[in-house]
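Chemist: Let me give you the structure first, and then I'll get to my questions.
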Amino acid sequence: MENADATTTTGSSPFHLAGAFAPVREERTDLDLEVLGEIPADLRGTYVRNGPNPRSGWSPAWFAAEGMLHGVRLEDGRARWYRNRWIAGTYANTSVIRHAGRMLALVEAMPPVEVTGDLETVGTYDFGGALGGPMTAHPKICPRTGELLFFSQGHSRPHLTYYRADAAGRVVHRAPIDVPAMTFMHDFAITERYVLFYVLPVLFGDARSAVPLRWDDDFPARIGVLPRDGGNEDVRWFDVAPCTISHTVNAFEDGNAIVLDAVRAPRIMAPHALHRLTFDLASGRAAESELDPRFLDFPRVHPAVVGARHRRAYTTELCDFRPDGGFSRTIARRLDLETGAAIAHDFGDGAMPGECAVAPRPGSAAEDDAWVILFVHRRDGAATELVILDAARFASPPVARARLPCRVPFGLHGEWLPDAEA
């Protein structure tokens, strides 16, 4: 069995405590940021990004630390404020989502934490008592129904529970799914009629380890396909090659098949690549092909195509990958999954772009009719910028750059939260 160990040091400090990853030690609020270029008037809302930030300045692994939210408010063509806040009393350090008027900070090992639009902690949120445990950090909002689909995992059987909440945030469906063990299922996928669960050979091992994961060669790799209103008896299990999936790009239905694009690796702590898996509902067989060999992660699609056929994906290429899970260079790319083209945006020497968030132009569902918003960090520890790109002209100079008065640590997942959907 192969174990994960993310505590290896490079130089005098672990990668996640130095350079662009180094934590900050204070909360702050700064008003009226300097802007280069013009922020589109249609961009009215807040960009919020989550990530680990140990209060003490030290943690045993990147993911094993308190969460901190960083936000930039855009309004009337101005960057009104930047603020950062620790998420009080919890390690909800992975992602953020807003549904039914509530903003939730998420980590898969704990229940959600509700926060305000000013990033202040409200407290644990359990969907009115309907959620009985932790919640995935990657729930999905269906753009057609407004539903929130998510899952919870536990160490005792059935190990997996699937939930569906309506557009008002009420849990209307709960289905325990019996799987043989609690696996490291960091993400999942939805289509218009189905949900997909990844039950793969990465299991939880020594709880004393900073990253208590282990690879089990004897554990069968399977992906389950379940109707969105179904239960345990309705799951169809497909055998796949042993692997681990870090993040979902998207999934969609194609006739009698389901197509899943995801970031996949053949082993734990190995470089990932973008793969397409196709599940034939008639034959019960799965097929797989590689779409891009580069180590692409943090994939995003236009919110309007979640669960439907997509063409574009916005990703972060992780470069100079190390066995300790660290990397020292990143590249933002827009992928065309029909032609295979991968366009990069050059942010200059020393830049480390983070995850892209897709901000649709109001009233448009076209994949390229949007802006891409992201934090761009500096390897030398210089101040961070919030950058706005035109999705259709991804390689062109930024539409606007808001200069933050401080450094934001390289982190995890963020969202554009438009006022129109609040």
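Every residue gets a Cβ built from N, Cα and C, even glycine.
Sequence annotations record features per position, and here TrEMBL assigns Fe cation binding site to HIS138, HIS186, HIS247, HIS413.
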Chemist: If the Fe cation site is taken as the center of the Cβ atoms of HIS138, HIS186, HIS247, HIS413, which further residues of that chain fall within 8 Å of it by their Cβ?
Modeler: THR94, SER95, ALA137, ASP187, SER246, THR248
Chemist: Return the residues near HIS247 (Fe cation binding site) by Cβ distance under 8 Å, restricted to its own chain and a separation of at least 6 in sequence.
Modeler: HIS138, HIS186, ASP187, ALA262, VAL263, ASP297, PHE298, PRO299
Chemist: Here the binding-site residues are HIS138, HIS186, HIS413; which one has the lowest number of other Cβ atoms no more than 10 Å from its Cβ?
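Modeler: Output over binding-site residues HIS138, HIS186, HIS413: least Cβ neighbours within 10 Å is HIS186.
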